[in-house]
């Protein structure tokens, strides 16, 4: 057995053993990490739809697997439904690509006439037929076949995402639009009257109501502090009623004081400050207004045709778009000053780019590992099998440990007005760094310097060397996807950090109620997990023609990932069933287009090496053609996503009146 076969099979063996160990630990640990919390105190806890602590494993698995798509949507909302649907469709398209690629392309590649083969896996790549024009027609055909399959997948995914709806979940955003960039120096009541009059004069009585958000950002910040103090007081009173002992806390002057008295005084001061700040905020607005219409068709008309020009309230600067679900609004960030937001966003992104493009790279971690092994005299362990296994494993550690903390820190400080904007921002950042470091960086780094030298040495067969390097990259990423299949999915199944995080929070808690809150369900990180899935999609598609064996671990990864994450979404994590996933659709579609582009370019770069002019010319034409297809796809995706979730036709029209109070700022309910 040659080294390449041995490397991949060894990685699969080690990782499958590790996954088995993680699975056994999960069976023991699952109820420990998610204890069933019972309390006589009225404490609202975040809980998964099916609490895993209440079920034995097999009954829970059966219950989850028997759930239909409609039941999933009804249980965990749009996010969970669309996320799982995306992975199910990826499984379908990879099953087709794997059947065709491994069934036909591998068969063609194995008939290549290259006798100077160092290992078996080079027989399974395009380098084995690069000098045989008669066989090169096969990868050209499969470029078009796989492109068609991936764009068909994108079309089906777009269709299901735009028509996703559940009668159990009332979608008020379907009948509401939002206007932004309104001058903030006008009182909300004046704008409510003015905007309603303008819209009704042009569009009729179908425009039902207008709500311009007052500038409540400072007062809402105080209100959140007030609510936190009230919650603390309830917890301390709960402890006092339970134990009969007056609880103590540390004041700002670092002195021990009576906790109940301290928070009663703090609450009284905050009530006064909040009321004064709220009254002051009623004189200006936050720069956005919500409009309720009687039909979706009318919303489409207003977005397309806008309003008459008014230089006083600067209607030419207004932006009209479909509104988001009220549950999606980050009220604490509504009214954020744009100038401050842009400057802070630029500075944080600049620091982030410098940090991760220069200092915290996979190469720097790899160098630290090598220095450590050298210092203990064990550098020989990094040669051979471990040398192949370790670099790709380091990429997985980088993906799971280093990057998430930095991205979360950055997104939190961007002060997005909508929760889905937070997810979209995180998704873009994760995707950029994952694609760059986990795909492009290793791809360009493998034998790159050696290839440049070979290119300038006329005595060497640089075409063959380049094709072999593509196979080497394919082998590297095949091992990486084996890690993703077993290690990543096993780690996701464990969610080991949940138990230790809960324990740490419970130890730091000052009241019994806070100890209970420490064990509530965490939010599912849709941005990170979506970025990982799209990155794996791009990697697998890139090598699907030149090294089709990679489709096997890719299909295995997504199949196992679908079942693991279906379990986690329903039984481990908390998912807000009212939040919207639609705004991230554009980024996902662009990821699919990028996967097609990467596949076409990598295959074209290999076909250029052919000594037959026709194939070389085709590859040179396909490279810019692929770029044009990518640009056109992105532009088209932008158009269809912006157009909205459904076609506004008479046949699809249905009337639903939504109460404007659903979009009222929480401060409206707070007495002055």
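Backbone N, Cα and C define each Cβ position, glycine as well.
Just so you know, TrEMBL annotations are computer predictions that nobody has curated.
What TrEMBL records for 6-29 (among others) is transmembrane segment.
Under the heading domain 'CSC1/OSCA1-like N-terminal transmembrane', TrEMBL lists 8-153.
The annotation transmembrane segment is assigned in TrEMBL to 89-112 (among others). Long-range contacts of the transmembrane segment (89-112) within the same chain: residues 123-126, 128-129, 132, 135, 138-139, 142, 145-146, 149-150, 152-153, 156-157, 160, 533, 537, 540, 544-545, 548-549, 551-552, 554-555, 558-559, 562, each at least 6 residues beyond the stretch ends and with a Cβ under 8 Å from a Cβ of the stretch.
The transmembrane segment annotation in TrEMBL covers 132-153 (among others).
Taken from TrEMBL, the feature domain 'CSC1/OSCA1-like cytosolic' applies to 175-333.
What TrEMBL records for 346-369 (among others) is transmembrane segment.
The domain 'CSC1/OSCA1-like 7TM region' annotation in TrEMBL covers 355-588.
For 389-411 (among others), the entry in TrEMBL reads transmembrane segment.
Per TrEMBL, transmembrane segment is recorded for 431-456 (among others).
If one looks beyond the transmembrane segment (532-564) by at least 6 residues along the same chain, the residues whose Cβ comes under 8 Å of a Cβ in the stretch are 84, 86-88, 90-91, 94-95, 97-98, 101-102, 105-106, 109, 121, 124-126, 139, 142-143, 146, 150, 399, 430-431, 434-435, 438-439, 443, 470-471, 473-475, 477-478, 480-482, 484-485, 488-489, 492-493, 588, 591-592, 594-596, 598-599, 602-603, 606. Feature annotation from TrEMBL assigns transmembrane segment to 532-564 (among others).
Residues annotated as transmembrane segment in TrEMBL: 585-609 (among others). Sequence-remote contacts of a segment are chain residues at least 6 beyond its ends whose Cβ falls under 8 Å from one of its Cβ atoms, and for the transmembrane segment (585-609) they are 86, 126-127, 130, 136, 139-140, 143, 146-147, 150-151, 153-154, 157-158, 161-162, 424, 427-428, 431, 435, 463-464, 466-467, 470, 530, 534, 537-538, 540-546, 615-616, 618-620, 622-623, 626-627, 629-630, 633-634, 637-638, 641.
Same-chain neighbours of the transmembrane segment (615-637): 133, 136, 140, 143, 151, 586, 589-590, 593-594, 596-597, 600-601, 603-609, counting only residues six or more beyond its ends whose CB sits under 8 Å from a CB of the stretch. Per TrEMBL, the feature transmembrane segment maps to 615-637 (among others).
Using a Cβ-Cβ cut-off under 8 Å and counting only residues 6 or more beyond its ends in the same chain, the transmembrane segment (132-153) has close neighbours at 89-90, 92-93, 96-97, 100-101, 104-105, 108-109, 111-113, 126, 541, 544-546, 592, 595-596, 599-600, 603, 606-607, 610-612, 615, 618, 622, 633. Within the model, the domain 'CSC1/OSCA1-like cytosolic' (175-333) shows a mean pLDDT value of 88, rounded to a whole number.
Sorting the domain 'CSC1/OSCA1-like N-terminal transmembrane' (8-153) by DSSP state (H, G, I as helix; E, B as strand; all else coil) yields 109 helix, 0 strand, 37 coil.
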